[in-house]
Structure formats: structure tokens, C-alpha cells
Amino acid sequence: MSRIEKMSILGVRSFGIEDKDKQIISFFSPLTILVGPNGAGKTTIIECLKYICTGDFPPGTKGNTFVHDPKVAQETDVRAQIRLQFRDVNGEMVAVHRSMLCSQKNKKTEFKTLEGVITRMKHGEKVSLSSKCAEIDREMISCLGVSKSVLNNVIFCHQEDSNWPLSEGKALKQKFDEIFSATRYIKALDTLRQVRQTQGQKVKECQTELKYLKQNKEKACEIRDQITSKEAQLASSQEIVRSYEDELEPLKNRLKEIEHNLSKIMKLDNEIKALESRKKQMEKDNSELEQKMEKVFQGTDEQLNDLYHNHQRTVREKERRLVDCQRELEKLNKEARLLNQEKAELLVEQGRLQLQADRHQEHIRARDSLIQSLATHLELDGFERGPFSERQIKNFHELVKERQEREAKTASQLLSDLTDKEALKQRQLDELRDRKSGLGRTIELKTEILTKKQSELRHVRSELQQLEGSSDRILELDQELTKAERELSKAEKNSSIETLKAEVMSLQNEKADLDRSLRKLDQEMEQLNHHTTTRTQMEMLTKDKTDKDEQIRKIKSRHSDELTSLLGYFPNKKQLEDWLHSKSKEINQTRDRLAKLNKELASAEQNKNHINNELKKKEEQLSSYEDKLFDVCGSQDLESDLGRLKEEIEKSSKQRAMLAGATAVYSQFITQLTDENQSCCPVCQRVFQTEAELQEVISDLQSKLRLAPDKLKSTESELKKKERRRDEMLGLVPVRQSIIDLKEKEIPELRNRLQSVNRDIQRLKNDIEEQETLLGTIMPEEESAKVCLTDVTIMERFQMELKDVERKIAQQAAKLQGVDLDRTVQQVNQEKQEKQHRLDTVTSKIELNRKLIQDQQEQIQHLKSKTNELKSEKLQIATNLQRRQQMEEQSVELSTEVQSLNREIKDAKEQISPLETALEKLQQEKEELIHRKHTSNKMAQDKINDIKEKVKNIHGYMKDIENYIQDGKDDYKKQKETELNGVAVQLNECEKHREKINKDMGTMRQDIDTQKIQERWLQDNLTLRKRRDELKEVEEEPKQHLKEMGQMQVLQMKNEHQKLEENIDTIKRNHSLALGRQKGYEDEILHFKKELREPQFRDAEEKYREMMIVMRTTELVNKDLDIYYKTLDQAIMKFHSMKMEEINKIIRDLWRSTYRGQDIEYIEIRSDADENVSASDKRRNYNYRVVMLKGDTALDMRGRCSAGQKVLASLIIRLALAETFCLNCGILALDEPTTNLDRENIESLAHALVEIIKSRSQQRNFQLLVITHDEDFVELLGRSEYVEKFYRVKKNMDQCSEIVKCSISSLGSYVH
């Protein structure tokens, strides 16, 4: 069941156009109440609901006045939008919004409806659909589960149309017809009647058409006979053509065999020439290989192979030893890297520790500086100079703590004093506010009471004014009542209702007899039609059997020769399918072999490309390695260059050591010669003869001592360069080995693999060509058989259908046995028409009499209603005159109360003004106290926080200093320096070991290079011997080919080939003549077939058969239509009566529980329907009226009831219609339901609505929407347990409507 959840309104009527003016209302279940004064916008909410659901605008507007007026908004364009969120009949959430645009154009406004959008949840995601208005209307009706007429007239009925149940007859009939959907069913009956007439005309047309179709069918049979004759002549001609073709086939096969042998001889001759060319090339290659070799090995093949294998073992052993050295070198390189890494880490750690030591000293200096600064700020003695001891620092902290406590106490005392003063001011303010609020509540309460009293006073005065002149009206009513009673008595006396009813009863009996007679005639007609259909079907089935026999014969003659040549016999469908399956299997196997070969070929091609790429890559790599070796060494002889470089390094190292020691020796010699006063040489002990000679030696030594550091530096620089170059050359040792491997092993192996792959590719191409030839032979055979399979399948289907036709012929023949057909269809039809004419006459008389009865009853009822209305009006005026004195006293009392309330409100307003002045003064004094308190507190807190921050910084530095000392960072620093020295010693020893291994590896590589040259010589000897063996094989093959050609008798085959070509040409000429005759027969057959394909002859027999079936079935359809018309008409009557009974029961219960008057017991809806039970030309009509019953008297309410009774009756009828027709939609909106109701009926209506809500409370989707201005009515509804909140609709300062949610308990305190 559908229900509405939420709606937003923007720019409609008095609702504002800005986003801030958008109003949103959520609908409660089971009851939503909207309260507000006139003009607040309550009815606009119902109009919006109706528009969003149906697309219809309120009465009296085409849309432009429905949108907020552009002139009021002072805008050129005003956009309005309504959004609704609801659940459809399936419980799924749906959102829809409609938009409108109103534009001000000169002196008029233009209105336009914009595209709407429907949004649904699908698979957890929102799916939006933009639609035109008509599509949205249909979708909304589908989602809500009720028709558009129920939405307009029952659920969302506008206030102006709320009394439609008591409108005039034509309008009331239209609305009830729409609600009951009677119009649609009446149109359906009209359509059935029109279809029946159309079908009757169609039967006549079919009879005329059958005559012409029979002539075309006979002419088509004649053309088919001619085609059969020509096809026989064509078959004979085709037999002659096939005989020529059979004679030609063996000659062609022999010719093909001879041509095959001749091509084989040519192929052998070409092979002999190719072998001679290959022999010459091989002899040339062997000669070139012998010239390239220094000498040829003279021993046996076995000796050569043994020598080659032994040589390979020696080379492999040396290579293994070289690999071991390489591994050892890599191990040492790894160890050196680890030591270098460890050395780097120790250096980093040493730097980090030194940085921490420097930072430790900085922290001590910063701490002492902060202590001096804070002591100066706080005026503490004894802390003018650092560094400070632990005792001084502890004393400093105690003094600072004492100072902080003293400052905090002073600030707290000041804050407490100011807070007390602020509290005093606040108490004074609260007292004045309470007095002001009391006066304000008094004014609000008395203003509300004043409003109610003024409203009651206006109501009382209005009623008094209406009572003027009531006495004269009573006299007029007495006269009218006497006249009405006299007319009623006369009408009852002249009535002939009983006589007419008796006549209607007699006519109905006669009508029943006629109906029975017509049913018997229908049964007889059906039996006659059934036998006629059987004979027609018998003829058509016999013709169908002949056609199928002919089709089977044609298919067999068409494919007999072809299938016999393929299988040896004419197969059935299963045999042909089995043969095709085996042939298809053979084709698939051939295709699989072909695909496998293609795959192998693609793989070989890919392998070839891979080898080519690898070979190119290896050659490029070899070139790169050689360039790299040349760039570093200047030649390809790495070992010699490396040896020379090592000798130079050793020489430079000795020179560096000598220069390093010379400095100390020269210094010692100079000291001995100068300080010790020795006159002899420190080396040779020769005595210097003179002082000048001594000074010359000393000067020479000092000169050498000065030059020694520069020479040492230059030597060390040169030594480092040579060592770097040596390291680079050592790094190229693996590159040199890679060059050797590429030249002697990897590149030759790749070239051998490439030759092998080329041979495999050529073999695969030959195999693929052979399989493709085989596939080209068997596939045409399969295609030919597949073409035949379709016709063979059709033939078997024709054979099955032929058996079915024969069975049906037997069945129809059995049906016609023993049938008496003396009475014709025309005789029965004539009798039926006579009976039908009499039935129509009787029916017309019944209807006429019923109309007379109804007219007399309505006249009498009208007079009774008029009499009752006059009595009721007279009684009402008398009652009102009795209440006049009471109402005058009430008017005086209300006027006195209104004046008293005005005085009291004025006095209270005068007392409020001095209180407001005192409140402003106290509020200003309080704010000044708060400002002083905040300023004083902030200054004290800033001073305390400053001291705390400085103490916190001192503590931070002290903690860092303590952590450094406790962690023992000084000892740890010394430990890391010792470890660094040890790693340097290990690194030096590792370097010496690496130099030794590099030297050994150089020697091994030189030995391996020498062995490789010997290995290449042995390989060339092996290759030469293998080529000599292949040359012997090539010399033998041409001899065998010449021997094979001698056995084929070439000359005799050429002569036979010429004779066969001459015989084949002769047979082909005769074959062409036979084909010409065959073409003539085929042209004649095509001409007849073309004539047979002309519109009048194409499918002439089938058209005749179909037209016969159409005519017979149309007659049967016409009869079914008449039966269906009657059944539908009776179903409409039954549905209408059931629904009216259900609606009247609900109306009766609601009226008795709601209406408090005694003049009307209950009300109900009366509907009168015309009796049409056959497919005649008349339509059924329903005439509706609302009547009120008092005892046995029923009077039309229209024109006889009061305004209050009219409102209550209309409301109850809508409630009943909603409960009956809104099974899928539990929504109902009531707009101002208490209009024109007195207090007693308002209370009973509230009680009835509460009972309805109570009975539907278990229905989760039931929603009642009540809009009213009567707060007493809302209060009555609020006493139930179903209302906690309601909405109040009012105008804001901009005169735009607002919707405010309120509690039901706030009703008594609201001020308008």
C-alpha cells in the first residue's frame, strides 16, 4: 500500500520563491493536522498534493495564478517547484518533483510547465527518469495504486469542490461514472457491438471473394500440369548430358595421370641439375677449408676424435681452476666491501658521538644562562655567575616554587572578589526579568481570551440579525405546506404503478420463453456449421495430400544422381547425417593436422627469429666488450699490459718508501753534522778537511731535505693513478673471459642452431602444402552433401505430414457417417431472426413500462420531499425564535467582558516600560564587572605562565645533561675509535691477497688461450672429413635418378597425351549441344513458373482454403461476441450493485455515529440502471442521487438539506468512497471539515474520525490529513492517543506562508 512521506513547496501561491522560503512538511501516520487562520496557505498544501499526483491545477486556474505572482515578488520570472517523497504500492521509495515557470510579459503573465523528474532506488542506487507531464501522470497513478478520478474527487478533493456529492444530476453522474470506471466498460460494450457488426459484413465479403479464388485455383492446377510435362522432357535431356559427362570423366583422369608422370620426369631432371651444382659447391668449400688449415691430420677418424676429446678435457680442467680462482676473488671482494662498509659505519658513528659531546657542553651553557636570566627577573640573590653546582640548582628550584605559589594565591583572591559582585548583579537582573515575563504572559493570555470573546460576539450578533423577519416566513410556509400536501394526495390517487408492474411481469415471462427458443436455435445452428466445416476440411486435406506426394517425388528426382555417386544409394536423413558426420570428422582431423603443422611452423619461425636476435645480440656484445677492453688497455692483450703495470706499481711503491725514509735520514745527518760537531761523514766516516767542505755537505743535505716532501707527494699521486688503472684492468678480467666464450663457443653454437631450424621450416612447409591439397579435395564433397541434406530433411518432414494428413482424412470421414443434413442453415437462420425480432419488441415494451413506473414514483417522491422540506424549515425557524432572548443576553455579557479585558491589557503594558529601563542599566553594570574580572585574571595568569615556561626549559636542559652522563657516551666514543683502527688493518691484508689471486688468474687465461687455438684446428679437421663423406653421397644420387627416368617410357607417354586431348575436345562439343537443348526446356519451365508466381495464381489453393476457414471462423466469432457482450454486461451490473451496497453500508454507519440531529435517520446513494442484456443498439446508463431517509420516506438531499448537513453528508460520502476504492492507497485529505457544523456535530465528527483512525491503526500505511482553522476541533482530535504533533501554517514578516511543527500541548498558549 502506498503512503506519502515528505513534501517541499517553493514559489506556489503565497509560499516564497527564495531557497530560505522553501517549506518542508513530513506526513505522520495515522493522522497529520494543519492549523492556521484564513489565507495562511493551508488549502495550498492540498492543491500541491493534488498537482504533484495528478498534474491537475486547482479549479478556476490554468496555472498562472497557481504560481507566486511575479508582480508581488518584483521579479520577471518566478519558478515554482513541488517535491514529493512517497512509497509506492510495492513499498519502494519514490521521489518526484514538478517545476513551473511564470513570466511577466508586458501586461500579462505567461505560464509554462517544466520537465518533471521521477527518482527510484534500484539495486541500492538512485535512478532518475526525466519525463513529460503525461508520462509522470500515468506513472504516479500506477505508483499510488488508485485512478485519477479517485485522487481528484476523493483523496485530494479541493475545498471548492468538497460538496460535489450534492451537485446537480449531470455533474454527479459524471463524477460517479469516473470513480466506478463505468464509462470505460460502457465503451467496451459499444466496441463489442461495433465489432460484431463489422464481422457480419466481413462474412458477406468472404463469400464473394471465395467465388474468384476458386477460378484462380483451377487455372493454377492447369499450369502445374504443363510444368510437370516439361520437367519430364528436361529430365531426359539431363540424362543425355550426364552420359557425356560420364564418358568424359575417365579420359580426364587418364590425362591427369599422364601429366602427373611428365611433371615427375621434369622434377627428376631438375633434381639432377641441382645435385651437380651442389657437388661443385661442396668441392669448392672443401678446398677452401684445406687451404685455411696449416696442415691436415693424417691419422684415422678414431684417433682424431680421441685427440679432440682429450684436448677438451684438459681445457675444461684449466677452466675449472680458473672458475675456482674467480670465486675466491669474488669472496675477497665481498669481504673487502663488508670491511669498507663497516669502516664507513664506524666513521659515521664517530662523527655522531662527537656531535653529541659538543651538544652536551652547549646544554650546560644554556641551562646556566636561563638560571641567571630567571634569577634576575625574580630578584633572587646568589645566581649571578655560573657554572652552578647541584646544590645551587636545587636551592634555585625551591625559591622559584615558593614565588609561584605566592603569585597564584594573590590572583585567586582578586578573581573571587569580582565573581561575588557579578553574582549579585545577576540576581537583581533575574528578579526584574521574572516580573517582566509575568506581565507579558498576562497580556498574551488576556489577548487570546479577548480574541475568542470578540469572535463569539460577532457570531451571536450575526445570528440575531438572521432571526429578523422569521415570523412572516412561518405564515408563508403554512400556505406552501397545505398546497404541497394537496398535490401529493392527487398524485397518489392518479397513479397506475400496480397495473404497469403486472404488465411488466407478463412481458418478462414471454421474454424468458423467447430466450430459451433462441438458445435452442443457436445449438442447432452450431451443429450445422460444425458439419459444414467438416466437409470443407475434408476437401482441403485431400488436396493437401496430393501436393505433398508431388513435393516428395520432385525432391527425390532432384538429388538422386548426386547422392548415389557420393554414397552409392539414396539415403534417408539419418544415413546422410552419419555420412556427413564422418566426412566432417575427417575434415576436422585434416584441419587439426594442418593447424598443428602451422603452429609448429610458427614456432620454428619464432625460434629462428629468436636465434637471429640472440646471435645479433651476442655479436653486438662481443663488439662492445672488445671496445671496452681497448679503451682501457689500448690493445687486446690484457695479461701483458696488466703485468707491466704491476711492475711499475711495485717500483713506485719502493720509491715512495725510500722518499718517506729519506726525510728522517737527512734530518738525522744534518743534526749530527751541526749539533754534535762531527767533522766526518755519517755514512762513510770520511773526515772533512775544511769547514767550507762541511758546510757544503750540510747545504746539499738541506737542499735534498727541502725537495723530499714534493717528490714524495708527486710519487704518491702517480702511484694512486697506477693503482686505479690496475683496479680497472682487474675488473676487465671477466670481460676478457666473456670475449673468449663468445668467439669460441656461444656464437658458433647459435649459427649451427640457425641452420638446423631452417631445415625444419622447409620440411614443415612441404607437409602443410600436402594437407591443404587433401582438404581442398574432401571439402567440396561435404558442401555438396550439405546442400542435399536440407531437401532430404524437408522430404522426411513432408512424409511425416503426409501420414498426419491421411490420419485426419480418416477422422473427418468418420465424423460424417450417419449425419442427417435435411435442415439447412438458411432455414434455421430465418427462424432465429423472427424470434429475435419478437424478443426485441418485448424488451422495448418492458423498458417503456419501467420508465412510466419510474416517472410516477419520482413525481410522488418529489412531492413528498417538498412537503418534508417545508415542515423541516418551519420547525427550524420556530426553534430559532425560542433561542432569541438567550442570545440577546449573551451579546450584552460578551460586550462587557471585551471592554474589561481591553483595560486590563492596557494597564499591564504601561507597567512593562520602567522595568525595561532598569534591566538595561543593570545589564551594563554587569558587563563592566565581567570585563574587569577577565582583564585582571589574564594579567595574573600571563605572569605565572611565563615563570612556568622558563622553569620548564631549565628542566629540559637538565634532563638532557643527566641522560648524556648516565648513558656513558664518552666511554662509548673511545671504544668506536679503537674498532675503526682494527678494521683499517684487516682491509690492508685483504687487498694484498686479492693482488696475488689476480696474478694467478692471468697466467691461467694465457694457457687456456693457447689450448683454444689447438682445439679450433682439431674442429676444422673433423668438419673436413664430414664434408668428404657428404660429397660421396651427393655423387651417388644423380645416378639413381637417371635410372628411374629410363624406366618411364617418356616418348610413348607424350603421344598418348596428344590423342587423349583430341578425344576430350570431341566429347565436349557434343556435351555443349545437349546443354543447349536442356536450357530450352528450363526456359519454358521458368516461364510457366513465373506465370504461376503471378498474384492471382501464387498460393491460389492456400488462399482459397484460408478464405474458407476465415469465413467459417468469423461466423463462430460473431456468436462468441454476442455471448461475451451479455456476460460483460451482467458482470458490470453485479460489480456496481456490490460496490453501492458496500458504500451505502459505510455511509449509514458513519451518519448514525456522527449526525446528532433527529430529523434524518441516515443517508444513502441511489443509482438507477437501464436493463439491456443483449447486444442491441442501446447503452446502459446509471443515474445517481443522494437521498435522506426518515422512517420509510426517502427524499433527495439536494435542495432540501441545510448547509451543515450538506457539508457533513459530502464528508461522509468521501470517507466511504475512500474506504471502498482506496485499497492500495490509505491516504485521505479533509480540507475544513467543520465548515457550517454546529458544536455538537463538530464533536461527533471528531469522535467519528478518531474511531476511523482507531479501526485503521493496524494498517501501517493509513494516513489522514486534516486541514482546519478550528483549534477546538484540533484539541478534540488531540485527546486521542494518535496525535502528538501538528503543523501550524502562518504568514511571516514578508507575508510568505510558513509551516511550523508544534506540540499538541501548545494549543492553549498560542497567540494569533
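Note: Cβ is positioned from N, Cα and C throughout, glycine not excepted.
Copied over from Swiss-Prot, here are the features:
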BINDING   ARG13, ASN38, GLY39, GLY41, LYS42, THR43, THR44, VAL67, ASP69, GLN159  ATP binding site
BINDING   CYS681, CYS684  Zn(2+) binding site
DOMAIN    635-734  domain 'Zinc-hook'
MOD_RES   SER635  phosphoserine
MOD_RES   THR690  phosphothreonine
MOD_RES   LYS959  N6-acetyllysine
THR44 (ATP binding site) - helix vs strand vs coil (DSSP): helix
By Cα-Cα distance, the member of recorded positions CYS681, THR690, LYS959 nearest GLY39 (ATP binding site): LYS959
Residue with minimal Cβ packing [other Cβ atoms within 10 Å] among the recorded positions ARG13, LYS42, LYS959: LYS959
Proximal residue to THR44 (ATP binding site) among recorded positions CYS681, THR690, LYS959 (C-alpha distance): LYS959
Among ARG13, ASN38, GLY39, GLY41, LYS42, THR43, THR44, VAL67, ASP69, GLN159, the record's ATP binders - longest CA distance, Å: 22
The domain 'Zinc-hook' (635-734) [mean pLDDT, rounded to integer]: 71
Neighbour count (Cβ, 10 Å) for THR690 (phosphothreonine): 9
CB within-chain contacts under 8 A for ASP69 (ATP binding site), separation at least 6: VAL78, CYS102, THR109
Residue among binding-site residues ARG13, LYS42, CYS681 with Cα closest to the Cα of LYS959 (N6-acetyllysine): CYS681
Least surrounded among the binding-site residues, given as GLY39, THR44, CYS681, when other CB atoms within 10 Å are counted: GLY39
Minimum Cα separation from CYS681 (Zn(2+) binding site), reported as the residue among recorded positions ARG13, LYS42, THR690 that achieves it: THR690
Cα-Cα distance linking the residue listed as 'phosphothreonine' and LYS42 (ATP binding site), given in Å to the nearest integer: 141
LYS959 (N6-acetyllysine): secondary structure state under DSSP, collapsed to three categories: helix
Integer Cα-Cα distance in angstrom, ARG13 (ATP binding site) to the residue listed as 'phosphothreonine': 138
